[in-house]
Structure formats: structure tokens, C-alpha cells
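Below: the structure, in C-alpha cells.
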């Protein structure tokens, strides 16, 4: 027998009135309400009840609530009796079929999972031994529910979150790294070294993971010593600042002047340099035609003839200027690709040098004009 096709049309006023009357009569089960709507599925009725806020306490389908000890014991009894998840849906008021299925199959994969209550799952940092065990399980392509058997004190969501961190972040912070860092801070205090100088001293040690190096670059106020060091570095490199920014963006390198390291990212250093510079000498307002032409020429000199001085915001297409689209002769159209968002050519533009070629403009003004105006 073919399955009856349910309707996906909007709810009519008559259906809404019927639904309200059934709820007012005290009908609590969605399966009973569905008998009055042959063309509506149980999920559609449940969704409509949520939208109209007609769910009573007996049919409150909040999926975010934790399963109680009584619900777990009741579920275990049904599982031992050989019942299926579909058959016990109405035995758990306030639980959706999806929530019951998740708990049902979690128990079938790991019978001990329901005996570990959420209250006993204390939140604590992942240890190096746990990370290694989880990494091995991921290499064997084990399912998350199967991996949960290896971590009885971890919730399913906690395991999935840690799997994401290990997959996309090669060197996650572990409790051992934090202990070593705090131990080093304690030793420095005993030697009379200021806590803020810990960053400068630790950076001289080469044996460090990438995550620890990035941790040292956390957002913090700039000190007077760092401002002076940045000014000295800029003076030392003079006009060629791109190698300095690239070096500072490297997780294992920093800007150095007289053997003193500046542990800041290139973006942070560029922003701080613009704040320290005197802005009274720069023009404000829109760029005039001459400045725009000089801006294009300066960008073109750095990117070469393979690209246009324009940001291509489309994917896999050419950036054609608006004035070129109106030309009837297709041979006059510039079909060179624009500078792709996130591309290396756009990222390596030296805005300080471009600003000097444009004239009394700051590099940030030139960059903003390119992103806001010169695009397809």
C-alpha cells in the first residue's frame, strides 16, 4: 500500500481553528490530533503547535532538557522488553521522536552510557592522554557514538566538539601545556621577573608548539616599550615594511631590534603604527579623480599585468569594470581577473607605499576605497 502523501501547503484558517479547539478540549497526544488532519504529518502538527504557542505542559517538546534518571530507567526497561523507539514515543511526554531515537540508539551502542548521569560528567580540560586516544579513534574512522564508549565520563557533544578541534587545529591547548605555562610564571615571580615580561622571555625559547605561540599573542594593551620598539623597527626597515609584517605573522618569528623581540602579529603592528602616526597631515573626504588614478596605477605596479586593480567579489568569474560592459566592441573589454578576496596578491599589497604614491592619504583610506569602490 502506497504511503499517503502529506500536504506542505500553508495552514488554512479552518485548520487553525480546528487545532485550537482540539487543544482546548484537552487532547494531549499529537497522534490523536493527527486523526483530524489526514493530510498533515505529526511533525507538521507539532511545529504548528509551537508556532502558535499552544503546547501545554503535557506536550512540551523542549529538546534541550537533560534526560532524568527516571526517564533513563524507563527507557532501559522498554529496551530490555525488545520494543522499538517508534513504539515508545507516547510513553515520554515532553520528548520528541528524534530525542528518543538519539537516547535509544546511544544505549544500544553503549549500554553503560545511560548509567553515567550528566551530573557526574564534570567539566574539565582534556588531557594529553585523552587527546591521543581520541586521535587514534579518529584515524580508524570510528563513529562518534562508538568513540563515546572510550570516554565514559564525557558527553556525546563534548566528544564531537573535541573531534572538531583536533581535526581543524593541529596543536590544541591541553591541561599539561597550561600547567607548564603557570609553572613558568611562578618561577619567574620567584626570580623577581614581572609577569608581563614573561612573554618576551618565553619567546626566546624555541621549543614551543604553535598553539602556545599564538596564545602569547592574545589581545592585550600596547605598552610604551612595545610602541618604542615598533617605531625603531619601522625606522630600521624604512620603506620596505612588507618583510617585517610577514615575519611577524609567522608563528615562530617576531620583529627584532637590538635583540629585543616584539611579539605581535603583522596586522596588530600595522594597526598600532597607523594609530601612532600623525593624521593631521592626511586629507579627509572622498578621493578625487587624480587620486583614484594614482591609486590604480600604484596597485597595478605591485600586482603586475595579470590582474586588474579591482577586487573580484565573484567566484570563478572575471571582474569586468562597469564602463567596459557598455562598450559594443568586445575586444576593448578588459577580461583580466580581479584580485580575489583572500588571495595572495591582494594580501601582499603594501598600503604604506601605495599611500605615498597617491599623495596625502593614509594607507587605510586607500585600502577602504579599494574594497568599497573598486570591485565588480
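Going from the start of the chain as shown, residues are counted 1 onward.
The backbone N, Cα and C atoms fix where each Cβ goes, and this holds for glycine too.
Annotated features, as they stand in TrEMBL:
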DOMAIN    7-55  domain 'Myb-like'
DOMAIN    63-110  domain 'Myb-like'
DOMAIN    218-376  domain 'Myb-like'
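Across the range of the domain 'Myb-like' (7-55), the DSSP-based residue counts are 27 helix, 0 strand, 22 coil. When averaged over the domain 'Myb-like' (63-110), pLDDT in the model lands at 76.
DSSP labels the residues of the domain 'Myb-like' (63-110) in these numbers: 31 helix, 0 strand, 17 coil.
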